[in-house]
Each structure stands twice: as C-alpha cells, then as structure tokens.
Amino acid sequence: MDDLKSIIGKVATGASLSRDEAASAFDAMMSGEATPSQMGGLLMALRVRGETVDEITGAVAAMRSKMLTVTAPPDAVDIVGTGGDGSGSVNVSTCASFIVSGAGVPVAKHGNRALSSRSGAADVLASLGVRIDLRPEQVGRCVRECGIGFMFAPAHHPAMKNVGPTRVELATRTIFNLLGPLSNPAGVKRQMVGVFSRQWVQPLAQVLKNLGSESAWVVHGSDGLDEITLTGPTFVSSLHNGEIRNFEVTPEEAGLPRCEPGALKGGDADANAIALQSVLNGKPSAYRDVALMNAAAALVVAGRAKDLKEGVALGAKSLDSGAANARLKHLIAVSNG
C-alpha cells in the first residue's frame, strides 16, 4: 500500500511511471488492495496527463497475470475493438470473426456486452444462440472443434470486479478502456485491434510489440469507427517482424465500394443478430462489405493473405461457400453441448 501511495504521489507531480511501477499499481487495484479514492485519483491523474506506452504496457501485463487463460492454437487471431466510438454500428468484428474462421484461421474472440452502444459482441452472440458464459476449458474446446470460440471478458477477468464500481462512478473513459482488448485470455500473438481515437493507434501497436505480439494491426476509421471503415480512409499502425509502420487504407485498395455512414448503423442485439445472420447467409449489403474489409485485414495479420484484395477474395469465398455460416452453427451447437 505504501508503494501505491508513492506511485500516486509521483503521478500527481505529472511524472510518468515506469513499466514496473505501472504493473505494481494496477496489480494493487485488481487485487483489491487499493481504496476507491486511490483508484479514482490514479486513474484520473493518468487520464488528464495522458497515459504513456510504458504505463499501458505495465497495466496490461498486470491484467494478463490475473486472467483465466484459454488454450488455443498458436496461429489463432483476435479481432476486437475498444468500443466507445459512439457510432451505434452493426457488430463488425464479430461478423468478421466468422468470416476469418470460415477461411481456415482459428479465432479466439474476446469481447463483452455493450458499453456505449446498444449491442456488444456478447449481446449479439447470445441473441444468435451462442452460449457465452463458458469455462475456459469449454472455450478452448470451441476453438479446437469449431475454429472459433468466444471469451466473455467478465468470466476471464474476475479481478476486474475490484475496479468496476470505481469505473462506474467515474463515468468517463480511463486506461481500462484500452486494457481489455490487449488482454486476450488465449494469449493470441496475432491481433486486429480497433480503437476509439486516432491518438491511440500507434501507441497501442507499440504496447503489443512490447508484450510479444508477432503480427497486429491497430486501426481507427476516419469517421470515428473503432474498425476499418468504408466511408473513407482508416488509420493503421501495423506490427510485422518487429517493425511498426503507419499508413492509411481505403475501401478502393480492397476492391470494395465506399458507403454512407448511415449504412453501417445498427440496432439492438436482436436486430444486429438478424443483420449478421443475413451476411452469413450471403446477402449483399454494406454490412457484408465492411465485414469483408475487416476480415481481409485479419487474414493479412494472420499471414493468410498478402494484401487486402486477396483477403477480400478469401473472405468472400468463406461467405459464399457457406463456411462462415457453418462456423456459427457449429459454435452454437458446441457451446450449448
């Protein structure tokens, strides 16, 4: 506790924490050793000053050390967003996950219920009939047998219950909004992470590099989406072979048409589930296109596609052959088995 007091005192001066100091502070918070006042003070001091790459790296390391892990193949990927983009869009990363799985790449999907939108990954999967409250070994079985499994964040990060009330009372974004997507319980080394603000694109790629990721894209749409968008360019920071590159991608690069922002608007969980099922059934739409765009990027990250155009072709084959839909049906069966 004295360590935590000195760390809070350091942050109060505007100084940055080392990776180890951040890990120690967040370990104390998630272990229930910190008081609500200490947690609130530290979180807001970091937020106002702006969290550094080392602070986020240490915080993620602490969160990962406390999570309930899942065994997944070494080539598994995750497609995940921070949420909090305020767009109320359809569930892009969830749909893209089935497309990627149908293309032969195992997916260990990490997600939660809606935080700021009307429908998060967990909400839409539950509406589709997938059982989401599985034990880690059951999720591992889904990934092995179905090529896709869903890890419901609260079930795998029980230590988060110690910071939950403080986060609710603060009612504003904190570093915790960034930690979840970087703390995949299956320990995947290949990720596509969407973020709610352009300012976090490159820093989070650096955090993933620090924590041993092999291949990753961190993305933010120019329209504010925490996905690759089709309304205009998307800002990307990619990690490959230990190098980070920053660039933009456009729908045209992938051979896809642009769409109006309203075309990606979603509804509640049931409405979004119906829309997702229609994509998996092969129906053309802007939703299909944006899901293909994001799946294509994940296939590039996974090393299955050399570029977005090839990724879109592989994704379209996954949809049109029925493979992606078969993955959903299999996941519903195994998760409820």
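Every residue, even glycine, has its Cβ placed from backbone N, Cα and C.
The following features are taken from Swiss-Prot:
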type    : residues                                    : note
BINDING : Gly81, Asn112                               : anthranilate 1 binding site
BINDING : Gly81, 84-85, Ser89, 91-94, 109-117, Ala121 : 5-phospho-alpha-D-ribose 1-diphosphate binding site
BINDING : Ser93, Glu227                               : Mg(2+) 1 binding site
BINDING : Arg167                                      : anthranilate 2 binding site
BINDING : Asp226, Glu227                              : Mg(2+) 2 binding site
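Structure coloured by features recorded in Swiss-Prot.
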residue: Gly81; record: anthranilate 1 binding site; contacts (Cβ under 8 Å, 6+ apart): Val92, Ser93, Pro181, Val193, Gly194, Val195, Phe196, Asp226, Glu227
residue: His110; record: 5-phospho-alpha-D-ribose 1-diphosphate binding site; contacts (Cβ under 8 Å, 6+ apart): Asp78, Val80, Phe150, Met151, Ala153, His156, Gly180, Pro181, Ser183, Asn184, Pro185, Ala186
residue: Asn112; record: anthranilate 1 binding site; contacts (Cβ under 8 Å, 6+ apart): Gly83, Gly120, Ala121, Ala122, Phe152, Ala153, Pro154, Gly180
residue: Arg113; record: 5-phospho-alpha-D-ribose 1-diphosphate binding site; contacts (Cβ under 8 Å, 6+ apart): Gly120, Ala122, Asp123
residue: Arg167; record: anthranilate 2 binding site; contacts (Cβ under 8 Å, 6+ apart): Leu43, Thr174, Phe176
**Fill in**
If you tally other C-beta atoms within 10 angstroms for each of the binding-site residues Asp226, Glu227, the top scorer is Glu227
**Request:** Return one of helix, strand or coil for His110 (5-phospho-alpha-D-ribose 1-diphosphate binding site), based on DSSP.
**Result:** strand
**Message:** Applying a 10 Å Cβ distance cut-off over all chains shown, what neighbour count does Ser93 (5-phospho-alpha-D-ribose 1-diphosphate binding site) have?
**Reply:** 25
**Item:** Three-class DSSP secondary structure - Ser93 (5-phospho-alpha-D-ribose 1-diphosphate binding site)
**Value:** helix
